[in-house]
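In what follows, a structure is listed as structure tokens, so that the remarks can point back to it.
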Amino acid sequence: MQDRTYTADAEPGEDATVAGWVHEIRDLGGIAFLILRDSTGKIQIKFEKDEMDDGLVETGLDVARESVVRVTGAVEEEPRAPTGVEVTPAELEVVSAADPELPLDPSGKVDADISTRLDNRTLDLRKDEVQAIFEIRAEILRAVREQFRQFHCTEITTPKIVATGTEGGTELFPITYFGEEAFMNQSPQLFKQLIAGSSVERVFEIGPIFRAEEHNTPRHLNEATSIDFEGAFCQADDAMDVAEGVVTAAYEAVAENCSEELEALGLAEDFEVPEDGFPRISYEEALERINATGELDEQLVWGDDLSTAAEEALGDDVGGHYFITDWPSEIKPFYIKDHDDDEQLSTGFDLMHPRMELVSGGQREHRHDNLIDGFEQQGLDPSEFEYYTKMFKYGMPPHAGFGLGGERLIMTILGLENIREAVLFPRDRQRLSP
Ligand code: ATP
Ligand code: AMO
């Protein structure tokens, strides 16, 4: 590491070398200031023109904004400086000059649309509020991992290049794998079940999923981060407890450890951790409550999936996170188990935030013959999935699990308008690079 002091650690009374980006230059005539920014904050560099070497003053004040500079000098207390300290430079080196024309203004004085921001993510991330999102994202993922460990889960990594899809044929990205057709995985679904069915029992994964979603919406990505859980000897209720625990842990970690970032996002005052005991509402009751709101043009009937408008009507009615349980079997995938006493009714559940779905999960069909029937009912050829189904013949315990959309979790925690804000380099219909 090069010898330098973070701006936040520059101690008055000592000499220091600080290095970072030129945030701003203010030339007031006899005196001028360069505000230098690094990952820990900002510091003022003072130029008293009459008292300093002309060459040094010229280099310091002619440098374009966002150039990288290294400055060595005496650090002193200065109440008028933005952070209460300033450096009087003895040496100043322009390490990397920036073009005076920037495609994006990192000071945020000039607004940029999301597309310009994503095209220039490096500059965009120089804004405090954008950096705050990714600091919080890192903290959320840390907290989620820790919570899973407390639930005695083992972290796994499953393949992303696969032979078969599980979440609907039209949303697959095909690729060529040494001359054979293969796909980018849509979900770790089958693999996590295969591991839960070994004596590892409880697993989680945080990894990418790929979906060829046709729609361009503020809450869909073509490459997203899925937070998956699978547990042997679990029922749907147990998986719901884990989902609630993980979501709550993420909020708690942000409340406890991200006060500066919340401040930068203007969320510090109103940030709230959701109350535990998310209500569990059956699909049937959900339909009744949605219909009773009178918000929809047409009444919903049994078997209907919930449209965005329906989800929003129910979200407003409930007012917080909630589960929808006991969905009709026909609209849940083959791997979700039906209730033993009613095969029209599945053990599938969704966890909803008032603005959108966060989680899908359920108890799994662990009986080999019923599983094969399920494939056929869904129009899938079970022989293509033999690598999966045959393990159900060698001691497969009852099990349950869920998938939680990582970016949707971040988006709802921070109230972001667009899911792309929660990903460094989002993939959508229009965007394959950077
Ligand atoms: P000083 O007595 O500190 O040299 P000044 O009042 O003589 O300052 P200038 O030197 O021309 O005037 O400074 C212009 C402006 O910059 C003034 O409003 C002053 O308050 C402000 N200023 C001067 N020094 C600093 C500093 N170290 N940090 C922040 N602001 C300063
Ligand atoms: P599902 O398809 O509902 O279920 O996905 C689970 C969760 O992942 C998130 N998600 C997405 N987020 C952003 N962009 C997308 N294109 C996208 N697709 C999904 C959502 C969603 O609730 N195998 C099951 C899970 C399980 O049963 O364990 C599955 O994938 O937040």
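Positions of Cβ are set from backbone N, Cα and C atoms, glycine also.
Now, the feature entries from TrEMBL:
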type: BINDING; residues: Glu167, Arg211, Ser360, Arg364; note: L-aspartate binding site
type: BINDING; residues: Arg211, Ala212, Glu213, Arg219, His220, Leu221, Glu357, Gly405, Gly406, Glu407, Arg408; note: ATP binding site
type: BINDING; residues: Glu357, Ser360; note: Mg(2+) 2 binding site
type: BINDING; residues: Glu357; note: Mg(2+) 3 binding site
type: DOMAIN; residues: 134-434; note: domain 'Aminoacyl-transfer RNA synthetases class-II family profile'
type: REGION; residues: 189-192; note: region 'Aspartate'
type: SITE; residues: Pro82; note: site 'Important for tRNA non-discrimination'
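Structure with TrEMBL features highlighted.
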residue: Pro82; record: site 'Important for tRNA non-discrimination'; Cβ contacts under 8 Å, 6 or more apart: Ile35, Lys42, Gln44
residue: Glu167; record: L-aspartate binding site; Cβ contacts under 8 Å, 6 or more apart: Gln186, Ser187, Gln189, Arg211, Pro333
residue: Glu213; record: ATP binding site; Cβ contacts under 8 Å, 6 or more apart: Glu171, His220, Leu221, Asn222
residue: Glu357; record: ATP binding site; Cβ contacts under 8 Å, 6 or more apart: Glu311, Asp350, Leu351, Gly405, Arg408
residue: Ser360; record: L-aspartate binding site; Cβ contacts under 8 Å, 6 or more apart: Gly348, Phe349, Asp350, Phe402, Gly403
residue: Arg364; record: L-aspartate binding site; Cβ contacts under 8 Å, 6 or more apart: Gln193, Tyr335, Ile336, Lys337, Pro398, His399, Ala400, Gly401
residue: Gly406; record: ATP binding site; Cβ contacts under 8 Å, 6 or more apart: Ile140, Leu141, Ile206, Ala224, Thr225, Ser226, Ile227, Ala422
Residues in the region 'Aspartate' (189-192) grouped by DSSP into helix, strand and remaining coil: 4 helix, 0 strand, 0 coil
Distance in Å spanning the most remote Cα pair of Glu167, Arg211, Ser360, Arg364, given for L-aspartate: 22
Integer mean pLDDT for the region 'Aspartate' (189-192): 98
Binding-site residues close to ligand 2 - of Glu357, Ser360, Arg364, Gly406, only those whose C-beta is under 6 Å away: Glu357, Ser360
Secondary structure at Gly406 (ATP binding site), reduced by DSSP to three states: helix
